[in-house]
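The following features are taken from TrEMBL:
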type     : residues : note
DOMAIN   : 9-460    : domain 'Major facilitator superfamily (MFS) profile'
TRANSMEM : 57-81    : transmembrane segment
TRANSMEM : 93-111   : transmembrane segment
TRANSMEM : 161-181  : transmembrane segment
TRANSMEM : 187-206  : transmembrane segment
TRANSMEM : 340-361  : transmembrane segment
TRANSMEM : 367-394  : transmembrane segment
TRANSMEM : 406-429  : transmembrane segment
TRANSMEM : 435-456  : transmembrane segment
């Protein structure tokens, strides 16, 4: 990568993926303080506090509304990118972060829990839009034909890179949530609204970079603008070969009929590919990883970890998450997709069962609390090494260009819906099933593992036609 292209890659990844990761974990540390604020506000308004069930419902909505916003944002991406371009869509999404930060930052001063919920939903809207724009900007707009995987499926560094930034975002939220930093009661509105800083930085710096060259040429037919952008990105005046490649792609896309979501779902020639996208994307979220991210402190508290040690234990899991993501990034091309995702789901399923066992035995065996911590670490490490990045890559590799946009809509929608489901129902599942709630995640992980082992082939170094023949 040239320096300008590397700069915009890091900027887009930092501004989009890292903010997404931050918002996944930011509600974990201040959960007690937010609930206390909700209860106190309700008492001032109506003369009595919230019932425990209603308080849990309100807080679960605060956590999970982020995913509903993400679903809406992901469905609006196509319209926004077509109208404003990749750079323009990212810039306008950064404005949403400033608005969301204002809502959450002033919520306590104005005595409004609704502002926290609205701010979380707006942040989800931003993440839903930016994660897809970020992926298309990096994988399809800035990279060369080889790294996009047009000839061979060699685009794995890009989704893995995005996931590493998501891990860094989660880790940042865990570090800032320490009691010595922003983890105290008086600082939680600032903790939620600190997202405005990277968003403002992204908003300023995006104007220093030109629009996506492929967007300018293929979708706007602006050859002059695409040439200038390529020269800026690649650091050379000799960009004719790249322009020629883009023109050929423009001609092929103009003669290609794109498949709608409905047509994809009813197309018998890609039935198993579509089902595979559904299973892998839904399994990724229903595996319990969102429960770990959203409710880490609660899980450790139930496991018997002393309250004073929980924030530091949480930060330790975040550090391991970053390391596991790096391992997955550097090994995916050597080991392949199937071994990583199968091993990841297996590890998550076994560790979910381990949490159940440790919670059941912690009364008689106090050291089992550390087994629970090790199992949480195992879930996170297993997820980051395989299930985190592979589904996004697999969706690109299982379909031809005509079917791929519809496949991404199906996979992305399921991703956000399952994220919302886990974020909303996990507290109630935990109250009703106790330690046995983790067996649900264990069952999901093992079933997904079995499906991948029996149905999905290895896609590394195979063309789209070769993969299609294997499924046929």
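The chain as shown is numbered from 1 upward.
In case you wondered, yes, glycine gets a Cβ from its N, Cα and C as well.
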Apart from its near flanks, which chain residues at least 6 from the ends of the transmembrane segment (161-181) lie with a Cβ under 8 angstroms of it? 9, 13-14, 16-26, 28-30, 131, 134-135, 138, 187, 191, 194, 293, 296, 311-312, 314-315, 317-319, 321-322, 324-326, 328-329, 384, 388-389, 392
Before we move on, state whether the transmembrane segment (406-429) and the transmembrane segment (93-111) share at least 3 Cβ pairs under 8 Å, counting only pairs 6 or more apart in sequence. no
Restricted to the domain 'Major facilitator superfamily (MFS) profile' (9-460), the mean pLDDT of the model is 82
